[in-house]
Amino acid sequence: MPVVVVMGAQWGDEGKGKFVDLLAERAQVVVRSTGGSNAGHTVWAGGRQYKLHQVPSGILYPGTLCVIGHGVVLDPPKLLEEMDRLASQGVDLSSLRISGGAHIVFPFHIRLDEAEEDRKGDRKIGTTRRGIGPAYMDKFARVGIRLVDMLDRDEFLPKLTALVEEKNRILEKVYGLPGFTVEEIAEPYLEYAERLRPYVANTVELVNDAIDAGKNVLFEGAQGHLLDIDFGTYPYVTASHPIAAGAIIGAGVGPTKVSRVVGVVKAYTSRVGEGPFPTELHGEEAHRIREEGHEYGTTTGRPRRIGWLDLVMVRYACRVSGITDLAVPHLDTLAKTGLPTLKVCVGYRMPDGTVTREFPVGLKALSQVEPVYEELPNWEWSAEMSTARQYDELPEGARRYVRLIEDVTGVRVSILGVGSERTQAIYRSAIF
């Protein structure tokens, strides 16, 4: 039963888009089932760059069924803008299907997100200010509006009226900001709904039918494990579940149907936004990695925080999500930095002097750990590295780096990335 979940095993931005794109070539169905427009994938194909936020990466393969599931919060104008951009690049969108059960992000969600981040000042979470958290709040408060509601004017308008009245009270009385009229939201969003209507389908049936028929089904995770609302560095997290279990919950698929879970682990660590970061680097080392790795947010454009690879974090992700295979991109980036020595965190030294590989639950405990590093010599960059397609063609230094990852996590590294193009990858084990 070839059902594969691809998820980020760090703080997002690991390079999932490349590996989803690679695996999508062998998939008949690609599913995006968590998060919203706050997540971003950049895929290179044929020398052309495609930036994806809400549309599954499989859309670049004609005929591949691409599904946006229940668990996603949709930003309709952003989604339609993305669809129009892809269409202008020659991408066929006829295979896209969207769940009517997906909740909607409205302008008042975005304004509330911005207002709360501004109010917190130095204590801000570092959200993308896309309204994702407030939209999920409405979902779990059972007052949210779903795409299926927007398709029925008589169903939509009373729900929107009640929600606008509630949000206006908060915006005006708590934040001193102007609210919205029902009319300024209703008419454009009803138009968005009509544009999306041809793509709406019963995605639970579509995905489960495909699985039952033995088709290759790929679940495309958004963000990363350490941003999970339950298992991440709370409260510096997203409002959904980027772990493997979240991918199948958001699509309406049972856990027994998953055959492989691929965790994507960047060869170093990056983070956007606030929160603890035990292996964070500053100065020249961080600058070199950031520039060689083009570490600027797909969604925000913000420079990402950079640090050494943290295998305590990755081991934690492997345990929580039952990761069966690791995919490691950016081996080429480390070589290109020219840094003579690389560090890998293999444990945390606690304040009492003990060393552990357990990831702490509390922020205070995490902020007090001292990374225990293993130092390895960097490998020299050469053009041959990006043309390597066999593991033994890699420099010995890179292979030693991979072995250390496997030793600490206990999980095989099955795919390696040696460049930004989709073809620049090494398979050590077939996923599909």
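Glycine residues also receive a Cβ, built from the backbone N, Cα and C atoms like all the rest.
Remember, predicted model here, so these are calculated numbers, not experimental data.
Residues annotated as active site, proton acceptor in Swiss-Prot, with sequence analysis given as evidence: ASP13. Under the heading active site, proton donor, Swiss-Prot lists HIS41, citing sequence analysis as support. Per Swiss-Prot, GTP binding site is recorded for 12-18, 40-42, ARG304, 330-332, 417-419, and the stated evidence type is sequence analysis. Taken from Swiss-Prot, the feature IMP binding site covers ASP13, GLU14, GLY15, LYS16, ASN38, ALA39, GLY40, HIS41, THR128, ARG142, GLN223, THR238, ARG302, and the record attributes it to sequence analysis. The annotation Mg(2+) binding site is assigned in Swiss-Prot to ASP13, GLY40 on the grounds of sequence analysis. If you look up Swiss-Prot, you'll see THR298, THR299, THR300, GLY301, ARG302, PRO303, ARG304 marked as substrate binding site, on the strength of sequence analysis.
Known features from Swiss-Prot, placed on the structure.
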residue	record	contacts (Cβ under 8 Å, 6+ apart)
GLY12	GTP binding site	ALA39, ALA222, GLN223, GLY224, LEU227, PRO242, ARG271, VAL272
GLY15	GTP binding site	VAL264, LYS266, ALA327, PRO329, HIS330, GLY417
LYS18	GTP binding site	VAL43, TRP44, PRO329, GLY417, SER420, ARG422, ALA425
GLY301	substrate binding site	none
PRO303	substrate binding site	ARG290, GLU295, TYR296, GLY297
ARG304	substrate binding site	ASP13, SER270, ARG271, VAL272, ARG290, GLU295, TYR296, GLY297
VAL418	GTP binding site	LEU331, ASP332, MET385, SER386, ALA388, LEU394, GLN424, ALA425, ILE426
Least buried by Cβ count (within 10 Å) of the recorded positions HIS41, ARG302: ARG302
Other CB atoms within 10 A, centred on GLN223 (IMP binding site): 30
Whole-number Å value for how far THR128 (IMP binding site) lies from HIS41 (active site, proton donor) (Cα to Cα): 15
Neighbouring C-beta atoms (10 Å sphere around the C-beta of ASN38 (IMP binding site)): 29
